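These features come from TrEMBL:
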- A:GLY19, A:PRO20, A:VAL21, A:GLY22, A:THR23, A:GLY24, A:LYS25, A:SER26: GTP binding site (BINDING)
- A:229-244: compositional bias 'Basic and acidic residues' (COMPBIAS)
- A:15-185: domain 'CobW/HypB/UreG nucleotide-binding' (DOMAIN)
- A:213-244: region 'Disordered' (REGION)
Amino acid sequence: MTDEHKTEETRALRLGIAGPVGTGKSSVIAALCRHLRDEFAIGVITNDIYTDEDARFLKSEGVLPEERIRAVETGACPHTAIRDDVTMNLMAVEDMERDFAPLDIVLVESGGDNLTATFSPALVDAQIFVLDVAGGGDVARKGGPGIGRADLLVINKIDLGEHVDVDVVQMVTDAENARDGAPVLPLSRKRPETVEKLCDWVRQMHKTYAAGGHIPIDPGPMAPHHHPHADSHEHGHPHSHSHD
Amino acid sequence: MQVHEIGKQAALLLLADGRLPAGGYAHSGGLEPAITAGRVTDVAGLERFLIGRTETAGSLAASFAAAACAGSQGGDLSGLPMLEAELDARIPSPELRKVSRDLGRQLRRAMNSIHPHSHFAALGRAPHQPVVMGVAAAVLGLGPREAALAILHENTAGAAAAAAKLMRIDPFEVHAILARMTARLDRLAVKAAEFVNRPFADLPAPGSPLTDIAAEHHRRSDVRLFAS
Ligand SMILES: Nc1nc2c(ncn2[C@@H]2O[C@H](COP(=O)(O)OP(=O)(O)O)[C@@H](O)[C@H]2O)c(=O)[nH]1
Ligand SMILES: [Mg+2]
């Protein structure tokens, strides 16, 4: 027996959730599981920067049976694990699909990191990029591969706009401008109608995927980034190496 | 030397390159637990650790990679389950046995996508990393020495790469250590390949028990950067 590639018929929709640390990726996954678990067979893979905090959070929320939530440890390289070297995640997804066949959707949470980290099309079929208003109203304007070209951009925690002096409507408009008409979803767990819109988007994506109509798009490569161990804050050139 | 005499060196570089997408970056080769326990604190300590690792876990892996390569070269994979059992017997820590098998699965998954070959399917569900390395080397046309050198390099350079994230150290110093170790790796690779015609039970069994114990502690710790 070996780790075979799954055939199209038995494969789940693999949906990545990316975005900076703390914007609400785990919360989005918890909400999706809570609302969609009766409609779809779901599995979750988390990617932590250290240990398995996200998996523990999701298990403690009780949104899925514990064995359907698995953590991949990324050795402090969360972007490598979803982009340059997806082998660990790919195998975690394939194992999950095999162990709980047939699954409809596997959600993969990125370990966070910065604005430039997006999923490789080798790992996911579609991806959601999550920003939050508390991170600053100008972030959406900064663009980048995830903001510009993820299948869906979520602007989370819109309930906090007034507390952090962010004009949510403006932020959404900026995001729409950065995305050439691709969807932007303002979200707050305190506004159930927005959570329902998120669920509808996933339902629609699953339907399109299952009908064979979804073509994975690649938001694009990572921009040069700052390493945790580097002393300087500027790199003049893009690069990658084994342990980043 | 003429260019056409360089042999399969490019294939060896491909296999040994840390950028080969097989998930090795998530592991520190025991360096993180050694640092956490205060056993490695400076450059000199790192050098001693890396030499110790290479002479024990590295050499062990190397002789098994060489043996797997020799078997695979001849097209006879029937001995692999016995080889796996012999390697299990030489790794006391259940955690390190699991890490070796996880890394082996990942290497097989990656290599079977990069350079498909029927030998990869014959490896069983969760083969040990050195065994997969040996088979992958054979599939790429390399011999037991190269298989041994590839896994020695991966063992040493992988742990060294983790140092920059785990301790206050100048990355040039880390590579200076690796440069000083190159002749040692070559020598150990040759030695590892000398066992290829012997019964698997006669393969060497170097070990460092404290790293096995540390690996078990590491698995139970709540805060860690690396999986092992
Ligand atoms: N006010 C508010 N807080 C939220 C919302 N969604 C998530 N949070 C909080 O944001 C923090 C980070 O969320 P988490 O899902 O762990 O983010 P992750 O790091 O991207 O996975 C947590 O304290 C959440 O409770 C929201 O809609 N409104
Ligand atoms: Mg999270």
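Including glycine, each Cβ sits where the backbone N, Cα and C put it.
All annotation found in TrEMBL is predicted automatically rather than curated by experts.
What you are looking at is a predicted structure, and each value in this text was computed from that prediction instead of being measured.
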GTP site shell beyond A:GLY19, A:PRO20, A:VAL21, A:GLY22, A:THR23, A:GLY24, A:LYS25, A:SER26, criterion: Cβ within 8 Å of Cβ centroid: A:GLY112, A:VAL130, A:ASP132, A:ASN156
Per DSSP, three-state class assigned to A:LYS25 (GTP binding site): helix
Greatest C-beta neighbour count within 10 angstroms, which of the binding-site residues A:THR23, A:SER26: A:THR23
Among A:PRO20, A:LYS25, A:SER26, the binding-site residues whose C-beta sits under 6 Å from ligand 1: A:LYS25, A:SER26
Distance-selected binding-site residues near ligand 2 (C-beta under 6 Å), from A:PRO20, A:GLY22, A:THR23, A:LYS25, A:SER26: A:LYS25, A:SER26
Local confidence of the prediction over the domain 'CobW/HypB/UreG nucleotide-binding' (A:15-185), expressed as mean pLDDT: 94
Winner by Cβ contact number (other Cβ atoms within 10 Å) across the binding-site residues A:GLY19, A:PRO20, A:GLY22, A:GLY24: A:GLY19
DSSP-derived class (H/G/I helix, E/B strand, else coil) of A:PRO20 (GTP binding site): coil
Around the Cβ of A:LYS25 (GTP binding site), the count of other Cβ atoms that are within 10 Å: 28
